[in-house]
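Working notes, structure below.
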Amino acid sequence: MASTKGKLIHEMVPSKERDPPHSKVTIVGVGQVGMAAAISVLLRDLADELALVDVVEDRLKGEMMDLLHGSLFLKTAKIVADKDYSVTAGSRLVVVTAGARQQEGESRLNLVQRNVNIFKFIIPNIVKYSPNCILLVVSNPVDILTYVAWKLSGLPKHRVIGSGCNLDSARFRYLMSERLGVNSASCHGWIIGEHGDSSVPVWSGVNVAGVGLQSLNPDIGTPKDGEDWKSVHKQVVDSAYEVIKLKGYTSWAIGLSVADLAETILKNLRRVHPVSTHCKGQHGVHDDVFLSLPCVLGSEGITDIINQTLKKEEEAQVQKSAETLWNVQKELTF
């Protein structure tokens, strides 16, 4: 006797023969950052399937159920979760947020070896089930872990991307907007280099409507600057530490940043983002490191790097940023 479903629905194409999802996104790690990224991706309708993976089964099941109970209000057809990486099969984009959480006052670089050990398990499993994916690393220290993910995955470097300074630059533009009274979308400024303490503000390129702030204030960003714009960059560097001190972790801003990058990749928008990429040979960098530079993103990952015109002191800061990372990176075991 036919079931209620059988009486209601006449199947034209057997479910086993139907096309797989075309925009499947996997998020590895369902902590605060992972779930902020998940809801940001869902609310922007970027995926036709979302997969969640974590080692903590109860938390994973609870997060999946919570999302599924609200699925009426979303436009993502399928949300799945499992500790087994087979659930991630066929992903176009895999976002890695898993790792040890940064503690109050802890440098991102201090996290490194703990998270390298976690990546030894995660990355091979991702590639096993989604060999054609683009890998977006968010876990900190993101630049070093993007390098580690590249080495462990065997993927071409243009398909291994770190979230890098996309958020740093957003924070920079927000703080500019607060000073100038102009919407942050109209304030243009780039933070490059390490996502962290040695990041580099490109003061020579900061502008509103094409008007360079350095042309109006030649000392901007220097100790001589009477307006102390240098403190804006210090606020960018310190902001994560401040948020962690206040609420214990960062989540919403990085989640929104991940969705911003995911949209550019999945929709092949070819927008320019400051993301972490293999930068040996760029701006006098000689070591095998990943740093944030302005990159063109699309469905293939990073297709181009913009040759940013930097002043000598800015280029020297990028090289110092690279050296900072290399001094930690060369000691890693994986």
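Glycine too: its Cβ is placed from the backbone N, Cα and C atoms.
Copied over from Swiss-Prot, here are the features:
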REGION    1-22  region 'Disordered'
COMPBIAS  8-22  compositional bias 'Basic and acidic residues'
BINDING   31-59, ARG101, ASN140  NAD(+) binding site
BINDING   ARG108, ASN140, ARG171, THR250  substrate binding site
ACT_SITE  HIS195  active site, proton acceptor
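Mapped onto this structure are the features recorded in Swiss-Prot.
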{"residue": "GLY31", "record": "NAD(+) binding site", "contacts (Cβ under 8 Å, 6+ apart)": "ASP54, THR97, ALA98, ARG101, TYR249"}
{"residue": "ILE39", "record": "NAD(+) binding site", "contacts (Cβ under 8 Å, 6+ apart)": "LEU67, GLY255"}
{"residue": "LEU43", "record": "NAD(+) binding site", "contacts (Cβ under 8 Å, 6+ apart)": "LEU74, ALA259"}
{"residue": "ALA51", "record": "NAD(+) binding site", "contacts (Cβ under 8 Å, 6+ apart)": "LYS24, VAL25, THR26, ILE27, ILE79, VAL80, ALA81, ASP82, VAL87, THR88, SER91"}
{"residue": "VAL55", "record": "NAD(+) binding site", "contacts (Cβ under 8 Å, 6+ apart)": "LYS83"}
{"residue": "ARG59", "record": "NAD(+) binding site", "contacts (Cβ under 8 Å, 6+ apart)": "VAL30"}
{"residue": "ARG171", "record": "substrate binding site", "contacts (Cβ under 8 Å, 6+ apart)": "ILE191, GLN235, VAL236, SER239, ALA253"}
{"residue": "THR250", "record": "substrate binding site", "contacts (Cβ under 8 Å, 6+ apart)": "GLN32, VAL33, ALA240, VAL243, ILE244"}
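Non-local neighbours of the region 'Disordered' (1-22) in the same chain are 47-49, 77-78, 90, 92; each lies 6+ residues outside the stretch with a CB under 8 Å from one of its CB atoms. Under DSSP, ALA51 (NAD(+) binding site) is assigned to a strand (E or B) in the three-state scheme. Here the compositional bias 'Basic and acidic residues' (8-22) has, by DSSP, the following mix of helix, strand and coil residues: 4 helix, 0 strand, 11 coil. Within 10 Å of the Cβ of HIS195 (active site, proton acceptor) there are 31 other Cβ atoms, across all protein chains.
Counting other C-beta atoms within 10 Å of each candidate's C-beta, the binding-site residues MET35, ALA47 are led by ALA47. Listed recorded positions near ASN140 (substrate binding site): HIS195 (candidates MET35, ALA47, HIS195; Cα-Cα distance within 10 Å).
Other C-beta atoms found within 10 angstroms of the C-beta of ASN140 (substrate binding site) number 29, with every protein chain shown included. You'll find the Cα of ALA47 (NAD(+) binding site) roughly 27 Å from the Cα of the residue listed as 'active site, proton acceptor'. Distance from the CA of HIS195 (active site, proton acceptor) to the CA of MET35 (NAD(+) binding site) is 21 Å. DSSP assigns MET35 (NAD(+) binding site) to a helical segment in the three-state reduction.
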